[in-house]
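Notes follow once the structure below has been shown.
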Ligand SMILES: NC(=O)C1=CN([C@@H]2O[C@H](COP(=O)(O)OP(=O)(O)OC[C@H]3O[C@@H](n4cnc5c(N)ncnc54)[C@H](O)[C@@H]3O)[C@@H](O)[C@H]2O)C=CC1
Ligand SMILES: O=C([O-])CC(=O)C(=O)O
């Protein structure tokens, strides 16, 4: 009898993932299901991806499902999230996966999350700047951040949607308006600039990219992307021609992919890789690991601008420390002036979108 009871319990637990009755319940009262299903998961953090069915969202969801620090993975989108969720949920890794479709499931997707990663929004086509995405993506980011403020105000937010130089200020204003803004918890993802810089510098030096660390500061668009080639690890030097080539290639990395994709979108796979590298750093910080340092676009006092990308140390409550830029050479100082000029107006555009 006892054996039968155990077996029934096991079947009930497994079929909880498949039983159409339970799925229906999730639509009407997601939170109840959330608590119930999490029992099957491993110990770890609860992560939501908003825009999970997109070009970045899908590989990002796959890679996060493989991350042993993740116990619960919520996949939210306005289209196609049920299919992506069914697919990802068959991977035999520890995280429990749940899908959420459409605005009326946003709150259930966000409730209880430790980390929210946002790649929702339209990507560039050839000939466009990231700022050309502002009109559509600003509203999307605003709505999603209002959800975060309401349902998981203590979550760390990794904001990927472009133009990052404006969407991060938008998010900050939304959080300020709702009285939940904590600058330590809002991070614009500029990791792809670092990933590209490491790759291109390694190519020039003829070494393994995994051995290279290039700080990239400023922001995430054109001249605001400022690689500090004088601070590359391992220590090395570049000719003026190499410095020019590397700086321009790193600044135009996104455009290089947009043009190669010829209308089919922008970087998705390398971005998903970069997003997971960054999210993993945030989770290791939350866990209490020491010495977790990455570049990110954050509320900052490193320059006179209210937001700036630089190296930050990640800790148990998000950003534990923001590092100064360190010594810059003449080339980098000129680059910094250009970056700051463009950044100032992108930041102002984001702030006034909410304040208007
Ligand atoms: N920070 C960075 O380094 C990078 C940022 N990006 C940006 O990431 C964003 C997404 O790019 P892709 O994934 O290639 O675009 P995509 O169009 O393939 O996917 C975007 C997804 O967002 C969803 N979405 C739209 N409105 C939504 C809403 N209100 N709520 C939830 N989901 C919504 C769409 O349904 C779609 O599934 C773009 O803005 C792009 O410019 C792209 C590459 C690098
Ligand atoms: O270039 C774009 O539009 C997408 C992006 O931000 C990047 O690849 O760095």
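Heads up, the Cβ atoms here are built off N, Cα and C, so glycines get one too.
Residues or ranges marked as active site, proton acceptor by TrEMBL: 220. According to TrEMBL, the feature NAD(+) binding site maps to 51, 52, 53, 54, 55, 56, 57, 77, 137, 160, 161, 162, 271. If you look up TrEMBL, you'll see 124, 130, 162, 196 marked as substrate binding site. Residues or ranges marked as domain 'Lactate/malate dehydrogenase N-terminal' by TrEMBL: 46-188. Summarising the annotation, TrEMBL assigns domain 'Lactate/malate dehydrogenase C-terminal' to 190-353.
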Legend entry - The one of 137, 161, 162 whose CB sees the fewest other CB atoms within 10 Å, among these binding-site residues: 137
Inset, instruction - Restricting to the same chain and to sequence separations of six or more, state which residues have a Cβ under 8 Å from that of residue 51 (NAD(+) binding site). - result: 57, 76, 77, 118, 119, 120, 121, 161
Inset, instruction - Of 51, 53, 55, 137, 196, the binding-site residues listed, which put a C-beta under 6 Å from ligand 2? Please answer none if none do. - result: none
Legend entry - Annotated binding-site residues 55, 137, 162, 196, filtered by Cβ under 6 Å to ligand 1: 55, 137, 162
Inset, instruction - Find the shortest Cα-Cα separation between residue 130 (substrate binding site) and the recorded positions 53, 220, 271, and name the residue that gives it. - result: 220
Legend entry - For residue 271 (NAD(+) binding site), the number of other Cβ atoms found within 10 Å of its own Cβ: 23
Legend entry - Least buried by Cβ count (within 10 Å) of the binding-site residues 55, 57: 55
Legend entry - Close recorded positions near residue 162 (substrate binding site), where close means Cα within 10 Å, chosen from 53, 55, 137, 220: 137, 220
Inset, instruction - Compare the C-alpha of residue 271 (NAD(+) binding site) with the C-alpha of each of the recorded positions 124, 196, 220, and give the closest one. - result: 196
Inset, instruction - Would you mind splitting the domain 'Lactate/malate dehydrogenase N-terminal' (46-188) into helix, strand and coil residue counts from DSSP? - result: 65 helix, 30 strand, 48 coil
Legend entry - the residue listed as 'active site, proton acceptor' CB neighbourhood, other CB atoms within 10 A: 27
Inset, instruction - Going by DSSP, give the three-state secondary structure for the residue listed as 'active site, proton acceptor'. - result: coil
Legend entry - Within the predicted model, mean pLDDT of the domain 'Lactate/malate dehydrogenase C-terminal' (190-353): 98
Inset, instruction - Please work out the number of neighbouring Cβ atoms within 10 Å of the Cβ of residue 130 (substrate binding site), leaving out its own Cβ. - result: 25
Legend entry - Pairwise Cα distance maximum in Å, NAD(+)-binding residues per record: 51, 52, 53, 54, 55, 56, 57, 77, 137, 160, 161, 162, 271: 18
